[in-house]
Amino acid sequence: YVGLVLLVLSAWVCNHTGRTLVSCLYEEEMSGGSGSVSKVRVRTSYQDIMEACCKGLWPNWSGVGGLMVNVAQVIELLMTCTLYLLVSTSLLFDSLSWVAVPRSVCSLVSLVFLLPCLLLTDLRPVSTLSLLCSLAHILISLLVMLYCLSCASSWSWSSLSLSVDPEDFLVSVGVIIFSYTSQIFLPPLEGSMEDRGQFNVMLGWTHGAACIMKTMFSLMAVLTWGPETSEVITDNLPSDLRPLVNLCLLAKAQLSYPLPFYAAAEILQTCVLRAEPFIVDCQQLSVSRPALVVRGALLMTSYLLALLVPRFSLLMGLTGSVTGAAMTLILPCLFHLRLQWSRLTVKDRLIDVGILSLGVICSVSGVICSVKRLLEGL
């Protein structure tokens, strides 16, 4: 029951911080003749907001804020890549259990299928892969939910416990925050909209739909399998249905990898390489050798992390507690208070301070619990 409340509350909080973050892209200006106040977009990215906040506090260190945002983005994207690789390994290992293939071999096979990511030069192939990933995701969700509905006659509300294990709860907070995090992408998304005035409406509908989907999916699963509900939900499916769903989920994990990998590679190439990451060869773009080295290092890092981490939920919880809480809860509220303090009502200030405090507490406690569980599993 606490998990259901947390799913709904997190959707509202992330929707609120998304709106406040985008509002920090604007400054109010007085119109010359009429004397009316209008909002002007003076910033374009998360990094610009961070640098604007640091400029007033530490004028000589304004660039450090942008660097910190880039580091946080790379960490979050790298952890996302590792999660997809870890899920691919688990699914391949489960599918080949009858052959007794070592887990390390399954991880290596998953890595081999991801090697073409090193040669991505623009977002067009990435967008195509993401579209296929979305189709696989819809198919998986429908299959699992239809199976759960077919078992509705055996549902038992007693499987929803009122007791809460503190460590499990704190890890789950990080998982749920990570599942809602999108703040990094909101400034460019809002900037690309034809009608930016509809951004808040769009964001509200998006978080509302996500909240309903996540809540229904998780509730159906727990009512169907109770305490036996697995972290990878397909492990609970019957043996005749599991291979099909595992195949779709494996395809989804592999197709999901290129987007965060490409985004992380772009940030690293911009920060590390002074030269262009791409070269023109016969009127076609190809990846330069230094860029290939950066991408190879990124791919191998995600591979090594996937080998070391025992459970994907702990890595997801750790990522949500570190970068997720910072980028989604803590920093947007700090930006809002720092840049728009004089224009905020007492209610707005209290809400920002409350979310900020909650984010710090959840982040610190979630990191401690996730690291403790990870060390125990190594």
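Glycine residues also receive a Cβ, built from the backbone N, Cα and C atoms like all the rest.
What TrEMBL records for this protein:
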DOMAIN    2-369  domain 'Amino acid transporter transmembrane'
SIGNAL    1-18  signal peptide
TRANSMEM  67-87  transmembrane segment
TRANSMEM  99-120  transmembrane segment
TRANSMEM  132-157  transmembrane segment
TRANSMEM  169-186  transmembrane segment
TRANSMEM  292-309  transmembrane segment
TRANSMEM  315-337  transmembrane segment
TRANSMEM  349-368  transmembrane segment
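Among the recorded stretches 67-87, 99-120, 169-186, 292-309, the one sharing the largest number of Cβ pairs closer than 8 Å with the transmembrane segment (315-337) is 169-186.
Between the transmembrane segment (169-186) and the stretches 67-87, 99-120, 292-309, Cβ pairs under 8 Å are most numerous for 67-87. Under 8 Å from some Cβ of the transmembrane segment (99-120) lie the Cβ atoms of residues 85, 88-89, 92-93, 126, 254, 257-258, 261-262, 265, 286-287, 292, 295-296, 299, 303, 306-307, all in the same chain and six or more residues away from its ends.
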